[in-house]
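A short worksheet on the structure shown next.
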Amino acid sequence: MAPPEPLTALSRWYLYAIHGYFCEVMFTAAWDFVVNYNWKFPGVTSVWALFIYGTSILIVEKMYLYLKDKCNILIRCLIYTLWTYIWEFSTGLILRQFNACPWDYSQFDFDFMGLITLEYAIPWFCASFIMEQLVIRNTLRLRFDEHAEPGSPVMSTVSMANGHVKCN
């Protein structure tokens, strides 16, 4: 029997899109709590966030695979943060042409055209670290086994050792 296949790019894009969407909602809820002491935690985002995050993280995945043996994690996270600013500015500028940009940072002190702001540099850097270490690395480890029965574990051919899948 053939070994399980890695997830397709579309499947990984989907997971990255959902992850980004969720993080956006959680960040806006936390931000509103810190700024306005709003105990309701009303996290919000736009459906555009699915495309924006899914595509961006898939591109960062390619960067990770290229850079992981070439530079340390701090440099990689700096590169990912710069990419995030470029991507956020570009997608925001395109969406603004259709009056569809869901964010406006013009009230921030260090914004550029209301599309990006330096106040988010540290959160973006930290998010880059989490994205690489938890999301991308683990997503790349996921496998699709088309022969598995729905709901049944495959422990007869695979065992767990120290959190890693090990073929018998």
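Numbering starts at 1 and runs along the chain as displayed.
Yeah, the Cβs are placed from backbone N, Cα and C, and that goes for glycine too.
Quantities reported herein were computed from a predicted structural model and do not represent experimental measurements.
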Taking P4 first and then N99, would you say Swiss-Prot puts both of them on the same side of the membrane?
no
Cβ under 8 Å to the topological domain 'Extracellular' (94-109), counting only same-chain residues 6 or more beyond its ends: which ones?
45-46, 48-49, 115-117, 119-120
Residue counts in helix (H, G, I), strand (E, B) and coil for the topological domain 'Extracellular' (94-109), per DSSP?
4 helix, 0 strand, 12 coil
